[in-house]
């Protein structure tokens, strides 16, 4: 397995220094690249993320129903949320992919990015313990936990952005597909989202146009709320 460059920089971004750096390397390794890949770490990280977020929501909302807690958790741990976190960490710059995945733009594919976040969580757990993972994840999720509320429909990002702009009597966002890569059965869509109040355009990349639009919309919402 080839060494992945700039791991110390990624550790600083994550807010965690690995004792066993090979665990981070494995977490960033897609199954297309090597036999020792990140799928088992992903399995572990998925469970850890679920228990940490469940515990946080349980204590943050003592009067919330089981249904509300489940819906809020689903919003926080679903793939598009993890993809946005991966993009915030610029994980695509560090992934180790096989030649086929690399050529088809796998470093931008939302499922690969989301899986890598879960694998990193699993790697951090093995390198430390559950309490360290809990504190780190609560840091990663601080803004999202502060914003989420029970009883509120967990609407998708495009709907939330549209309602936000309508409330301000602003023009609706404009979504444009600016690139499509890959074969017909395995395409990667790059979508640009533009709104009046942002001078820059925001890009979403995913395996479908709809998902790419959702990712771009979620990033625009975060920029508007800063």
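Note: Cβ is positioned from N, Cα and C throughout, glycine not excepted.
Some features that Swiss-Prot has for this protein:
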- 46: active site (ACT_SITE)
- 118: active site (ACT_SITE)
- 42, 115, 118: Mg(2+) binding site (BINDING)
- 7-129: domain 'RNase III' (DOMAIN)
- 156-226: domain 'DRBM' (DOMAIN)
Exercise. What is the interatomic distance between the Cα atoms of residue 42 (Mg(2+) binding site) and residue 118 (active site), given in whole Å?
Worked result: 5
Seminar exercise, completed: On the domain 'DRBM' (156-226), the mean of the pLDDT values is 88
For this session: Within the same chain, and leaving aside 42, 115, 118, name every residue whose CB is within 8 angstroms of the centroid of the CB atoms belonging to the recorded Mg(2+) site, in sequence order.
Result: 38, 39, 41, 43, 45, 46, 114, 116, 117, 119, 122
Seminar exercise, completed: When each of the active-site residues 46, 118 is scored by other CB atoms within 10 A, the minimum falls on 46
Exercise. Can you tell which of 42, 115 has the most other C-beta atoms within 10 Å, given these are the binding-site residues?
Worked result: 115
For this session: May I ask for the distance between residue 115 (Mg(2+) binding site) and residue 46 (active site), taken between their Cα atoms and rounded to an integer number of Å?
Result: 9
Exercise. How many helix, strand and coil residues does the domain 'RNase III' (7-129) contain under DSSP?
Worked result: 89 helix, 2 strand, 32 coil
